[in-house]
Amino acid sequence: MKSQWKKYKQNKLAQGIFLLIYIGITSLSLFMAQRSVTAFLLLLSSLLLLYFTNFKNLTKWLIAGIVLVFLLPFTASNGDAYQSYMEVATLVGIYISMALGLNIVVGMTGLLDLGFIAFFAVGAYTYGIFATAQAANFMPFGSFPLSGESFWIFILIGCFVAAIFGLLLGIPVLRVKGDYLAIVTLGFGEIIRIIFNNLDRPLNITNGAMGIASVTPPRLFGIDFLYPSQFYYIVLVILLFTIFTVRRFEHSKIGRSWKAVRENEIAAQAMGVPLVRTKLMAFAIGASFSGMMGVVFAAKQAFVDPTSFTLLESITILVMVILGGMGSVPGVILGAAVMTILNLQVLTEVTNWLNQLNSTGVFSIPDALSPSKMQRLIFGLLLILFALYRPKGLLPAKNHVYNEKELQEGCTKDNGDNLKSIPEHSQIEKAQEV
Amino acid sequence: MSILEVQNLTKKFGGITANQDVSMTVEKNSITAVIGPNGAGKTTFFNMITGVYQPTTGMILLENEKLIGLKPHEVSKKGIARTFQNIRLFSEMSVLENVLVGMHTHIKAGLVGILFNLPAIRKEEKASEVKAYQLLEYVGLAPLLNEKACNLSYGAQRRLEIARALAAKPKVLLLDEPAAGMNPKETNELTQLIKRIRHEYNLTVILIEHDMKLVMEISEHIVVLDHGEKIAEGKPEDIRNNPKVIEAYLGTGAVQAG
């Protein structure tokens, strides 16, 4: 058994065939049995399977692209559950993006941020205010709501505004460390929510607790984006952008300086890493992902109010990062997907099923114990279990593996240039003997 | 020619005076040792040079440029690199990445360049990886390049700290007890390494060390601190026979043994 498993692990062809069969079966079953959430989840988990194959990165991305762009929407589109599946997929994308942003701050730079949802709120309100008549209350010029075409620019604006809020928060807050930082960011998250909740007087900017309703839907080439199946593609594009950005940063000078600051601030400074600038950059870049998704969220819900941005949301995103693996990009993606699906699908499905059993009289449990009401309990249990058995998360962070041969070749290649300053050992020894 | 000048440096922590009126001149391309009993203020002295602490009074000049008031990362940019008494590596990062962080100030890549993965940035990144690898070869850690820094042996961690400091291309290298916890063989290798570095990188080395054999072998100039004050300075032979130093630090046995 073990040797077969080993063989399979090395055999790309076998992996390819298995993956193909898996995707084929799950997509067919989703196509035939529209109501089966299991089929939907199994099809999604083919991406996890894909992650563990030995294919080249480009191949992996291509297969993932085909599954996400064509297969998933197509196979799910055969019935009335289509929009609810796409709703889940869209929310998964939004949460992954945010978790990746928070991962930069918490996982890579090691700054515990408990108010991360504030940047999401900033993004959402940025679009919400200007895509409704709300902005007319305080803007001296222009006519509001803005047209649906402006949505595309607002993704960028939301990104920048959130980044600026990240900087504004960072400048005073980064003087404190560790637990103190966590408390201050928690306070910031609540302050932002309460400000949005109360900014209807003296000038009505956010419409207070009533929220901002009927946000203009995005529009492209005369088509309005109204359904989750359409937002799904917007989210997919932004998500792809965030993943690429994070990957690029992770293995660059900037990513290394983030990790250096996390590992040892004093040593990082002694190596020339500017502490404040590096931390601020992490805050701003992390926040900007959240801001972009905030804009999409506002457009998708067509309604923004402060209750979407509570402390529990911040903690949920943090749990995604911890569950997936702090600092690990694939881990955080998985963590966010698992948490969102658990929340939206698994818990509600189990509740529905129990209700059914209740009504048919097979067996009865009190309403207070229904799983959808025990979300926090389940999060808590999950966290405890993970702390005990997988403290580094589902897919722990790995360092980039450098190719030694390539580096050796590089050494011999620029022999004439770089090595001049570093003579061979034998030469040194000779020199010393003389 | 002097490269580093320290004038009347004083540091007070509340009522405690860690350094009192310490002055010294470090010649270019020399090896200077700072010795003294524990608590004499040696590390505080290093911390002031590298900008971790701001001195209460006094002046530090690197090639006639003031270092007072600069943040540690700015001091590093001016050309001072250091290692730490209690090893401070980036323990969860790989050995090569540790050295790459040392190159931070010399890698020009900016936010936009990294985001769009411009060819120049990629080339620069590759070149710095090669350079980092060469440094690892130099200190004898090349085969361990992908290992996590925390998994290295104690002596290897000390050598990695030196490689990381060299990556910053410093003019002055400060070594804080580089031989602490090493066995005689490792200490001997370290001695050779420090000598080699000085010649090949054209460096000025200042080190704090308790291993008198190492100190007497490699340093050209020794400064002795006691209770935060400089009690003596001079050539190794003079220091060894200085009665004040013997009383405060070396002990009478050292003279007989030496």
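Any Cβ shown, glycine's included, is placed from N, Cα and C.
These figures come from a predicted structure and were not determined experimentally.
Per TrEMBL, the listed range annotated as transmembrane segment is A:309-326 (candidates: A:309-326, A:327-344). Pairs of Cβ atoms less than 8 Å apart link the transmembrane segment (A:178-196) most often to A:111-130, out of A:12-31, A:85-106, A:111-130, A:231-249, A:280-303.
With a threshold of 8 Å between CB atoms, the same-chain residues lying at least 6 positions outside the transmembrane segment (A:111-130) that come near it are 98, 101-102, 105, 144-146, 150-151, 154, 157-159, 161-162, 165-166, 169, 174, 178-179, 181-183, 185-193, 196, 205-206, 212, 215, 279, 282-283, 286-288, 290-295, 297-299, 304, 306, 308-311, 313-315, 317-318. Recorded stretches compared: A:150-171, A:280-303, A:309-326; the one with the most Cβ pairs under 8 Å to the transmembrane segment (A:85-106) is A:280-303.
Ranking A:231-249, A:280-303, A:309-326 by CB pairs under 8 A with the transmembrane segment (A:150-171) puts A:280-303 at the top.
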